[in-house]
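S.K.: Straight out of Swiss-Prot:
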BINDING   R55, M56, V57, L58, L59, K60, Y70, T71, K77, Q99, Q134, S135, W179, R189  FMN binding site
BINDING   K60, Y117, R121, S125, R185, L186, H187  substrate binding site
Amino acid sequence: MNDVTTATDESGIFTSEDPIALFHEWMELARAKEPEDANAMALATADASGFPDVRMVLLKEADARGFVFYTNLESAKGLELKENSRAALCFHWKSLRRQVRVRGDVIPVSKEEADAYFATRARDSQIGAWASKQSRPLAGRFELEKQVAVFAAKFGVSRVPRPDHWSGFRVVPRHIEFWRDRPFRLHDRLVFEREKPAEAWRTKKLFP
């Protein structure tokens, strides 16, 4: 049973029955209030044995299809997502005293999407994507700088193509929770849930 109307009446912050629209409302507020990187999110993954891992990444796109980030596919997170294609995200905006948590299945973005985003990156970042063997042992800073120089010379002034080992993932949400801090830890929590992308969202409130 949907409970959004009741939640809106009580708190005044759950203003949409569409969790993606509500997320964008909160993100716009965060962009106005947070000093930098309002789109930073904790990405939690697990390997095939279930051992968890977490790190901060940047959200690059969010729409009805899901939440997109980009990475080296040979990194720890890339390999973990290959073994276990589920993940969780957490956005925390301290200035707003709000957070959003997402859980869902993870699918790769299309080559066309990855190419289009890669083309928008700074040239030095594009070269860095070729130079960095992300998450693998590094003898010293010089080794990385040497690789950067190698690929900078290779591409010269020509266009830097996207390497095959660099692309993006889309977290297709099954569960999205909106949380707002309240006095005495009597926080507001609203959850949107569904099993499949084609299903309608179900909502419920949770005890803090």
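Backbone N, Cα and C atoms are what each Cβ position is placed from, and that goes for glycine too.
The shown structure was predicted, so the numbers you read here are calculated from the model rather than taken from an experiment.
I'm curious about the neighbourhood of these features; can you describe it?
M.R.: Secondary structure at L59 (FMN binding site), taken from DSSP and collapsed to helix, strand or coil, is coil.
Look at Y117 (substrate binding site): DSSP puts it in a helix.
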S.K.: Tell me the Cα distance separating R121 (substrate binding site) from V57 (FMN binding site), rounded to the nearest angstrom.
M.R.: 15
S.K.: Using Cα-Cα distances with a 10 Å cut-off, which of the binding-site residues R55, Y70, K77, Q134, W179 are near Y117 (substrate binding site)?
M.R.: Y70
S.K.: Which one is it: of the binding-site residues L59, Y70, W179, whose Cα lies the shortest distance from the Cα of H187 (substrate binding site)?
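M.R.: Checked the binding-site residues L59, Y70, W179; minimum Cα distance to H187 (substrate binding site) goes to W179.
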